[in-house]
Amino acid sequence: MAQAPWDSLWLNGSLATMAAGGAAYGAIEDGAIAVADGRLVFVGRRADLPPGAEDRAASLHDLGGRWVTPGLIDCHTHLVYAGSRAREFELRLQGASYEEIARAGGGIVSTVGATRAASLDQLIASALPRLDALLAEGVTTLEIKSGYGLTIESERRLLQAARALGRRRPVDVVTTFLGAHALPPEFSGDGNGYIDHLCASMLPALAAEGLVDAVDVFCETIAFSLAQATRVFEAARGLGLPVKVHAEQLGLLGGAALAAGFGALSADHVEYLDEAGVRALAAAGTVAVLLPGAFHMLRETQRPPVDALRRFGVAIAIATDCNPGTSPVTSPLLMLNMACVLFRLTPEEALAGLTRNGAKALGLSDRGVLAPGLRADFALWDIGHPAELAYALGLNPCHAVVRAGEPRPPRAPF
């Protein structure tokens, strides 16, 4: 009986499969990858390929001795916005704190004004260069949050822009509604009133339009309380939407544990997370998403509790947190380095945070690891060892990217 054909076969490379529990990086030397219908159908040693494998493939590709990793997954971005907050950067360098700037009307609210004034086309055009920078460093899936509109019309426009970016470029975009990002001017002094409006009108309408894949809340003393976050999570649960949270960045409030109680996909930032919060994440299977770009830009000193996260088996993801105020970063490779240097992750842990655990933070079980049956999303790297991705700064060693089995336009011919 004839075997089913393969669309492509990739030979002569080393594979960092990022499979858990085996060799470091899940490494396979002299590896081979076979693809059919956008899925991986063989991942292993070339010597273990079945007889006639090369004749079975419609196309053969020589990896040229390069390393191959899963496509990178940036699980936390605010990629769509208008305006700049470079002036706030200057103010922080002069001693102003993030909280002081926010309470004085800067921060998120200042971006809201510029974003509300931008058209859909303008939002897409401004985000495309940021997206292209991520793609150039091997990203095949990313999350994009709303949260810079804070009215139903402008939040809709942000989510529509995010969806459009996924059509304009060869990348999968997961959308997150972050209407509970800051208090809009129209509801000044009335946080509960805004949450009423968000839960009763904004979220149901946008979810009904198919624009929302998940729901997030900024749960901090300068943003929304535990009680307000609870109401948003309950509304999301009622609509069948998963939740996540910005929590424990500026102090210990309990937002991460609260979100874990709702089975949250992730709790993000978590610099001030305590052991009880870590235990809650572990019990719920909630991912801790570390954001070293914001930590660096805000010159924070309280590091996330990495040792406790390891001890209790909490999956650790990392992301760019690309946003105009606290992490204007479009380099996932830089985040690998920062996660190691600032948070003391190992290079392998950091890479797992941008692959396997990044996928988990988005609720995606079909990617993030090179394994048969999963999506054929992978990146080719001109490196001698996977640790070089976190080690070297400035050069981009990404040779090419394959998404759903289809090569994206490479920087160099195969």
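Yeah, the Cβs are placed from backbone N, Cα and C, and that goes for glycine too.
Keep in mind that this is a model prediction, so the values were computed, not measured.
Residues annotated as Zn(2+) binding site in Swiss-Prot: H76, H78, H246, D321. Summarising the annotation, Swiss-Prot assigns Fe(3+) binding site to H76, H78, H246, D321 and lists sequence analysis as the type of evidence. Residues or ranges marked as 4-imidazolone-5-propanoate binding site in Swiss-Prot: R85, Y148, H181, Q249, T326. According to Swiss-Prot, the feature N-formimidoyl-L-glutamate binding site maps to Y148, N323, G325.
Recorded features from Swiss-Prot, shown on the structure.
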| residue | record | Cβ within 10 Å |
| --- | --- | --- |
| H76 | Zn(2+) binding site | 31 |
| H78 | Zn(2+) binding site | 25 |
| R85 | 4-imidazolone-5-propanoate binding site | 22 |
| H181 | 4-imidazolone-5-propanoate binding site | 25 |
| H246 | Zn(2+) binding site | 32 |
| Q249 | 4-imidazolone-5-propanoate binding site | 27 |
| D321 | Zn(2+) binding site | 27 |
| N323 | N-formimidoyl-L-glutamate binding site | 24 |
| G325 | N-formimidoyl-L-glutamate binding site | 26 |
| T326 | 4-imidazolone-5-propanoate binding site | 26 |
Y148 (4-imidazolone-5-propanoate binding site), Cβ-centred 10 Å count of other Cβ atoms over all protein chains shown, is 31
Checking the binding-site residues H76, H78, H246, D321 against Y148 (4-imidazolone-5-propanoate binding site) with a 10 Å Cα-Cα cut-off, in sequence order, leaves H78
Quick check: of the binding-site residues listed here (R85, N323, G325), which one has the Cα closest to that of H76 (Zn(2+) binding site)? N323
Per the 10 Å Cα distance test against H181 (4-imidazolone-5-propanoate binding site), the binding-site residues H78, H246, D321, N323 reduce to H246
Alpha-carbon spacing, H246 (Zn(2+) binding site) to T326 (4-imidazolone-5-propanoate binding site), which is rounded to whole Å: 13
Say you check the Cα of R85 (4-imidazolone-5-propanoate binding site) against those of the binding-site residues H78, D321, N323, G325; which is nearest? G325
Compute the centroid of the Cβ atoms of H76, H78, H246, D321, then list the same-chain residues not in that set whose Cβ lies within 8 Å of it, in sequence order, for the Fe(3+) site. T77, K145, D268, H269, L291, A294, A319, C322, N323, S327
Please find which two of R85, Y148, H181, Q249, T326 have the most distant C-alpha atoms, given that the record lists them as binding 4-imidazolone-5-propanoate, and give only that distance in angstrom, rounded to a whole number. 20
Just the number: how many Å between the Cα atoms of D321 (Zn(2+) binding site) and Q249 (4-imidazolone-5-propanoate binding site)? 13
Among Q249, N323, G325, T326, which are recorded as binding-site residues, the nearest neighbour of H78 (Zn(2+) binding site) by Cα: N323
